[in-house]
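Q: Right, I'll just put the structure down here and ask away after.
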Amino acid sequence: MELHQWCRHIIVFLLNVWIPSCFAQTTPPARSSPTPTPQTADNPDSLKFRLSGFPRKHNEGRIEVFYKGEWGTICDDDFSLANAHVLCRQLGFVSATGWTHSAKYGKGAGKIWLDNVQCSGSERSVSVCKSRGWGNSDCTHDEDAGVICKDERLPGFVDSNVIEVQVDENRVEEVRLRPVFTTATKRMPVTEGVVEVKNKDGWAQICDIGWTPKNTHVVCGMMGFPHEKKVNKNFYKLYAERQKNFFLVHSVACLGTEVHLAACPLEFNYGNATESCPGGMPAVVSCVPGPLYTQSPTMKKKLKMPPTTRLKGGAKYGEGRVEVLKGSEWGTVCDDRWNLVSASVVCREMGFGSAKEALTGASMGKGLGPIHMNEVQCTGNERSLWSCRYKNITAEDCKHTEDASVRCNVPYMGYEKTVRILGGRTRYEGRVEVLHREADGTLRWGLICGEGWGTQEAMVLCRQLGLGYANHGLQVRLSGGRSPYEGRVEVRVGQRWGSVCSEGWSTKEAMVLCRQLGLGFSMHAITETWYWDSSNVTDMVMSGVKCTGDEMSISQCQHHRTVNCQKAAARFAAGVICSETASDLVLNAPLVQQTTYIEDRPLHMLYCAAEEDCLSKSAASANWPYGHRRLLRFSSQIHNIGRADFRPKAGRHSWVWHACHGHYHSMDIFTHYDLMSANGTKVAEGHKASFCLEDTDCDEGVSKRYKCANFGEQGITVGCWDLYRHDIDCQWIDITDVKPGNYILQVVINPNYEVSESDFTNNAMKCNCKYDGHRIWVHNCHIGDAFSEEAEKKFEKYPGQLNNQIS
């Protein structure tokens with residue numbers, strides 16, 4: 001009995017313990033909405049961290065954590081600068097300057113150790129920050145986070161784990177081709193040579209034992225070349241036997257889809273590097289340049305082939321917003337899952353090398369029209385982006401704020417060494433100087449005559465300098481500017497620098513110059529540079545410069561064989577101001593088609609228009625105030641989809657007051673309205689004398705900045721548009737004298753290139769018109785570069801529909 005009673009007490013005790021514990025258990029949080037909690041590793045000090053990925057510097061990269069014997073990544077969900085601060089300190093840096101998402105440094109492999117990490121920034125270790133917990137994640141490696149640390153080490157930091165995991169990748173951050181032939185050293189670009197990698201002791205070679213075409217493919221891509229070819233190793237073998245080589249890398253095993261040699265499996269030499277390639281020699285590659293960089297007739301023919309992919313809105317060759325052709329219509333690519341592998345397919349398809357950057361968020365400006373592709377996933381072996389896996393777009397998937405862009409590796413041409421700008425306030429502006437070779441072979445710098453120097457010339461020069469928008473042997477520089485982006489243009493002739501005559505110097509020339517110097521776009525083409533402090537350059541060595549705006553270098557533009565400058569004084573030397581960003585104006589074509597109509601307007605209502613000279617010449621002989629004029633009216637809505645505000649070239653002091661309109665006009669010629677015959681002959685034109693520029697309305701979240709009223713600032717803000725309604729004065733073409741027939745309505749924005757833009761090819765809009773003397777049919781309105789060349793040729797043949805009647 002006592003035993004039975006004792007057992008009963010035991011059972012009651014166990015039930016009292018077990019039942020409350022069951023009811024105390026809670027349901028775990030749903031996967032889609034985690035509740036981060038602090039997750040502490042067994043020993044936070046035992047965690048190891050490293051920076052990986054490519055291309056990158058030593059203080060940035062994909063963050064990886066070594067936990068429970070395995071390296072893994074961190075998901076970018078809820079990632080912040082505070083997280084980056086904690087991680088950078090654990091890596092031995094004083095703090096973070098930024099962080100990256102969407103696997104900017106490439107996708108990692110293996111585990112994703114942490115997700116939804118939320119640090120305050122003061123934690124000693126990321127392991128004590130809130131998160132889902134170790135190994136608990138709903139991410140893919142497309143979402144790997146990266147950090148950018150301040151390049152300053154913590155005093156006394158001695159964690160060898162961090163240093164050791166960075167050593168190998170740091171050694172191959174720079175790669176070059178060293179040409180061996182004497183003639184090859186003078187020819188640009190260098191397409192063949194010994195592969196060398198840079199380390200702390202200088203440049204070293206790679207042993208070619210086991211070297212494969214896939215390795216060559218990766219190296220050529222880094223050098224800016226889309227393809228490779230076999231190389232004659234016999235010559236190089238003889239050369240190598242006479243040289244003392246230093247072999248840093250013993251073995252390379254690329255897959256061929258990598259964008260950087262650092263991403264390939266590498267074996268390094270740690271012994272006697274001069275004798276560590278028995279039976280081998282330095283690796284040698286031979287690359288095939290794209291059509292833009294070759295003299296080969298076969299490759300040049302490829303330039304004339306209709307493209308299916310193009311880059312728009314970039315300041316330099318090899319960068320821009322990705323656009324693809326589908327059903328004769330150009331459209332953009334959504335940036336979902338956009339990465340370096342897919343970007344490299346685009347770059348090689350365009351005739352460049354592998355991708356340096358896969359940019360998201362409309363980094364090169366927003367596109368127009370349809371978005372053709374979403375979630376593009378390439379393997380890296382495709383010849384065209386259309387060969388990659390992708391999803392068709394739906395209205396809910398993407399907007400043009402998510403347009404994908406690329407920056408490609410391009411061949412080094414040395415153009416930026418042949419031009420300079422001096423005297424400007426920044427490196428983006430200055431007087432233009434060029435380096436020129438005289439008849440005796442000597443080199444000297446000189447000025448460029450500023451007569452006719454305009455925005456187009458300046459855009460060419462800014463691209464040459466690498467400063468953005470605005471022949472190899474002609475050296476150019478900017479002199480005297482307030483910054484590296486401005487200055488007087490100077491060229492070198494023999495051993496002497498000289499200036500450029502500013503007669504004819506315009507936006508197109510400045511575009512090329514800024515591009516050549518790598519300074520972006522041209523903001524202004526300057527024709528008088530007396531206010532910029534001069535270098536010792538006094539000679540004018542170049543005049544008559546005329547560019548199309550597409551050249552890589554100012555030497556590829558037309559110019560006088562001998563200097564012929566009417567204004568040869570130094571004050572008239574050409575100059576530029578370059579900028580990293582530019583505006584991009586485009587007309588709302590559907591709105592033109594929807595609002596076009598004919599009005600017979602009585603002359604007594606057109607006195608103000610006559611004062612503005614908005615009627616055709618025959619109006620002067622009309623029987624005023626009796627009779628009427630027949631007007632083709634329409635609305636024009638001009639959007640700025642670029643990356644900088646569109647501002648009038650003229651300062652406020654030169655704006656003109658228009659009493660009829662009650663405000664100032666800041667631009668004499670802002671748009672051209674033309675009615676043309678099918679063969680392009682102009683039969684009537686708009687006579688709008690001048691324009692004011694303002695923000696009529698803007699995209700959601702964008703504030704208006706410019707207004708025509710009073711004497712305020714004028715312009716068009718990025719993300720805003722200027723609307724000229726069909727019912728305002730002079731918003732028409734006077735077609736009183738036009739006979740019935742088939743015509744083309746054309747509207748061109750910024751026709752004289754007075755203001756720099758990132759893309760001038762989308763400034764023209766065309767419509768088909770059929771006029772029977774009483775009614776007009778307007779159809780097929782589109783931006784000039786919206787369709788393929790083949791579709792554009794069929795432009796006049798499309799049938800129209802009745803659009804309106806005379807009002």
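Glycine residues also receive a Cβ, built from the backbone N, Cα and C atoms like all the rest.
Remember, it's a predicted structure, so these values are computed and weren't measured experimentally.
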Q: I want to verify the bond table. Which candidate from C557, C565 sits on the other end of the disulfide that Swiss-Prot records for C547?
A: C557
Q: Which has the fewest other CB atoms in a 10 Å radius around its CB: C75, C149, C287, C388, the listed disulfide-bonded residues?
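A: Ranked by other Cβ atoms within 10 Å, the disulfide-bonded residues C75, C149, C287, C388 bottom out at C388.
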Q: Averaged across the domain 'SRCR 3' (309-409), what pLDDT does the model get? Just tell me the whole number, please.
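A: Overall, the domain 'SRCR 3' (309-409) comes to a mean pLDDT of 91.
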Q: Output the one of C129, C220 that, of all these disulfide-bonded residues, has the highest number of other Cβ atoms within 10 Å of its Cβ.
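A: Ranked by Cβ atoms within 10 Å, first place goes to C220.
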Q: When the Cα-Cα distance from C129 (disulfide bond) is computed for each of the recorded positions C207, C220, N392, C578, which gives the smallest value?
A: N392
Q: Give the distance between the Cα atoms of C119 (disulfide bond) and C254 (disulfide bond), rounded to the nearest whole Å.
A: 38
Q: Would you mind pulling the DSSP three-state label for C264 (disulfide bond)?
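A: Assignment for C264 (disulfide bond) reads coil.
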Q: Which range out of 49-150, 175-288, 309-409 gives the domain 'SRCR 5' (476-579) the most CB pairs under 8 Å?
A: 309-409
Q: Here's one to test understanding: among the disulfide-bonded residues C75, C139, C514, C547, whose C-alpha is closest in space to the C-alpha of C388 (disulfide bond)?
A: C139
